[in-house]
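Chemist: The following feature annotations were taken from Swiss-Prot:
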type: BINDING; residues: 54-63, 74-78, Lys100, Tyr119; note: acyl-CoA binding site
type: COILED; residues: 181-210; note: coiled coil
type: COILED; residues: 438-467; note: coiled coil
type: COMPBIAS; residues: 158-177; note: compositional bias 'Polar residues'
type: COMPBIAS; residues: 198-216; note: compositional bias 'Basic and acidic residues'
type: COMPBIAS; residues: 367-376; note: compositional bias 'Basic and acidic residues'
type: COMPBIAS; residues: 422-432; note: compositional bias 'Basic and acidic residues'
type: DOMAIN; residues: 43-132; note: domain 'ACB'
type: MOD_RES; residues: Ser184; note: phosphoserine
type: MOD_RES; residues: Ser185; note: phosphoserine
type: MOD_RES; residues: Ser187; note: phosphoserine
type: MOD_RES; residues: Ser191; note: phosphoserine
type: MOD_RES; residues: Ser206; note: phosphoserine
type: MOD_RES; residues: Ser270; note: phosphoserine
type: MOD_RES; residues: Ser304; note: phosphoserine
type: MOD_RES; residues: Ser419; note: phosphoserine
type: MOD_RES; residues: Lys460; note: N6-acetyllysine
type: REGION; residues: 157-216; note: region 'Disordered'
type: REGION; residues: 367-433; note: region 'Disordered'
type: TRANSMEM; residues: 489-509; note: transmembrane segment
Amino acid sequence: MLFLSFHAGSWESWCCCCLIPADRPWDRGQHWQLEMADTRSVHETRFEAAVKVIQSLPKNGSFQPTNEMMLKFYSFYKQATEGPCKLSRPGFWDPIGRYKWDAWSSLGDMTKEEAMSAYVEEMKKIIETMPMTEKVEELLRVIGPFYEIVEDKKSGRSSDITSDLDNVLTSTPNAKTVNGKAESSDSGAESEEEEAQEEVKGAEQSDNDKKMMKKSADHKNLEVIVTNGYDKDGFVQDIQNDIHASSSLNGRSTEEVKPIEENLGQTGKSAVCIHQDINDDHVEDVAGIQHLTSDSDSEVYCDSMEQFGQEESLDSFTSNNGPFQYYLGGHSSQPVENSGFCEDVQVPPGNGNIGNMQVVAVEGKGEVKHGGEDGRNNSGAPHREKRGGESDEFSNVRRGRGHRMQYLSEGTKGRQVGSGGDGERWGSDRGSRGSLNEQIALVLMRLQEDMQNVLQRLQKLETLTALQAKSSTTTLQTTPQPTSQRPSWWPFEMSPGVLTFAIIWPFIARWLVYLYYQRRRRKLN
């Protein structure tokens, strides 16, 4: 005798009580039947819970299943409760019944257990979108956890990543900042897979960087030595004004500008030295190879894409290598000798005959500063001057605008104005304001010309479209309209002749057939 009692619940909650008489041994067939009963009870329990959830859905609730979804549930429900479809298909007057019959009959000979499990599987797909109710909670409790746990098989890969991160953290990165942007170069951390030549190059580069840093620590003053009889006080005041103006444009702060020397005895000429300490926010690359520019640093409207690559004029005064000196001497035969300087540039005298100008820059690769510029041309590359008496022209015309170094005479009190384009001038206030106004005027003129060109093109397009419209209308009017064969009072769409032919042709065909048979009879007679 076998007695089974089941309770609805999850896989762990149902219990089975077996009462087996002592005189009967345990049969394998009974054991298989018990297992089938257990599995069937689980499918039935889950199916009943899912059906209760579907039946408890409100008509105007937040979750509204689609028609296709309801057809699936209907077909699985009918297959699980009644088996395969054996009914005839409804008539054309019942389209909903026909759809239901098609969905049910498409399951074929699916067993009830398979239909129940399919019903539950479809319910699992949408159970997360349903509102949490008592029926849904019961279904979740019956189903149990149905999420799959995916094992992480990328442990080796993650260990490689962590080792790479450890190598990066333990290395000594050499950060270089140019124009307020950070540029990191990890010269101390080479991987094991790199070649020996790259390691040697990295070691040599680090040694060169250390040497240059030592040199930069020695040079902390910015000396601008001006000779050839310029007014000392006026020059100092102008330079201070220019430094404050340029630093305010760039958003940088100048901590102090003070004279550190007032007398340099050389051939009875006066000299002025300016000491300037700039914050560490602006540090140039020691090697002078890589230069980063910032489009937001420009305060002047750039008319062309050529001006976007220009550097700022104040960069030349705040290089990482330390100070630079620029001399205005009266004799070209007096060279400037200094081991820290890289190149000398001799500029031929202009109309003012101020003599030779020697510009010397302390830059990693020997960059030359012209009139307060930072040694870069229009495209951002550094100027390279030749020693063999050759010198690059200081005039570079960009789309009709002057871009040149001006040679000023001793009578005038102005100084050289650096190359424009980035909105900063190392020169007098009047010169910078004048050049800025000229650039604004040129930009406005170009804008007006462009607007006029656009307006002219629009007018041409409007006239062309108007002419095309007129020509199309005239061609339509000149083309002869097909005369309608039907009168205005005719109610039918077809013409009267067509209608008459449609009515008469059967009689004509009948008459022709009659004539044929009549002739045939005459021949027979």
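Glycine is treated like the rest: Cβ placed from N, Cα and C.
So where do these features actually land, and what's packed around them?
Modeler: Counting only residues at least six positions away in the same chain, no Cβ atom sits under 8 Å from the Cβ of Asn60 (acyl-CoA binding site).
When pLDDT values are averaged over the coiled coil (438-467), the model yields 94.
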Chemist: On the DSSP side of things, how many residues of the domain 'ACB' (43-132) fall into helix, strand and coil, could you say?
Modeler: 58 helix, 0 strand, 32 coil
Chemist: Determine, to the nearest whole angstrom, how far the Cα atom of Phe63 (acyl-CoA binding site) is from the Cα atom of Lys460 (N6-acetyllysine).
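Modeler: Roughly 59 Å, rounded to the nearest whole number.
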Chemist: Among the binding-site residues Ile54, Leu57, which residue has the fewest other Cβ atoms within 10 Å of its own Cβ?
Modeler: Leu57
Chemist: Tell me, if you would, which residue among Lys100, Lys460 (recorded positions) has the fewest other CB atoms within 10 Å in the structure shown?
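Modeler: Each of the recorded positions Lys100, Lys460 was scored; lowest Cβ tally within 10 Å is Lys460.
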Chemist: Return the single residue from the binding-site residues list (Phe63, Phe76) that has the minimum number of other CB atoms within 10 Å.
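Modeler: Checked Phe63, Phe76; of these binding-site residues, fewest Cβ neighbours within 10 Å: Phe63.
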